[in-house]
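*Asks:* Sharing the record's features from Swiss-Prot:
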{"type": "DISULFID", "residues": "CYS104-CYS160", "note": "disulfide bond"}
{"type": "DOMAIN", "residues": "83-171", "note": "domain 'Ig-like'"}
{"type": "CARBOHYD", "residues": "ASN45", "note": "N-linked glycosylation site"}
{"type": "SIGNAL", "residues": "1-30", "note": "signal peptide"}
{"type": "TOPO_DOM", "residues": "31-226", "note": "topological domain 'Extracellular'"}
{"type": "TOPO_DOM", "residues": "248-255", "note": "topological domain 'Cytoplasmic'"}
{"type": "TRANSMEM", "residues": "227-247", "note": "transmembrane segment"}
Amino acid sequence: MKVLATSFVLGSLGLAFYLPLVVTTPKTLAIPEKLQEAVGKVIINATTCTVTCGLGYKEETVCEVGPDGVRRKCQTRRLECLTNWICGMLHFTILIGKEFELSCLSSDILEFGQEAFRFTWRLARGVISTDDEVFKPFQANSHFVKFKYAQEYDSGTYRCDVQLVKNLRLVKRLYFGLRVLPPNLVNLNFHQSLTEDQKLIDEGLEVNLDSYSKPHHPKWKKKVASALGIGIAIGVVGGVLVRIVLCALRGGLQQ
């Protein structure tokens, strides 16, 4: 009985695997003549978006491909693309009274034309942040915000939203972190802190970097270093003299 039961189970399993193959596998696969002659358009090449954020362009090459696999009537077309509409934050530090400008205008917008976009500005005054809750509307309808005489009150984060006029689609958001400082608070003369070689490189000249030159130090730093050195030397000498006097007095008292 056990042998018969085992044989029955194995036979059933074999039939279960074999039957679908018999039913679903045709002897010949007939393709209609119209389908054999069909021609389709296929994208054979595509470039990446011209920008990493905001609205840009990409190019696609489309060809007609027939049953023989030959490409015909190939055309290259230019399409809009949007990889990411959030473009991060740019940081700026300027002095009080300086003229300065923040601009949303970039190469991708120039490609389409400025009139195709709507610009909306918001401001988080006094803080550097990307938290939407701290922003308030800022009156500026153009692609830029200009400060004729920047003041500390102008410090904060400016957010520029760029939308397509035709459908109000948001295609770009850019943050500007602006710090306005008084001139006596910090020295922003970057060129002064460069070495002689770095200054030449900054001017576009070729320099042999194997020859090292010491960075420029302001005169007041040299004076402070000299004063500290003299003060330390006087302190050491004075300490030695005081110790000698104390030792002499102690020896006299003992006698």
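Using N, Cα and C of the backbone, Cβ positions are placed for all residues, glycine too.
I would like each feature placed in context: is it buried or exposed, what are its neighbours, and how far apart are things?
*Replies:* Annotation for CYS104 (disulfide bond): spatial neighbours PHE119, HIS143, PHE144, CYS160, VAL162, LYS172, LEU174, criterion Cβ-Cβ under 8 Å with sequence separation of six or more.
The average pLDDT for the domain 'Ig-like' (83-171) in the predicted structure is 89.
Around the Cβ of ASN45 (N-linked glycosylation site), a 10 Å sphere holds 11 further Cβ atoms from the protein chains shown.
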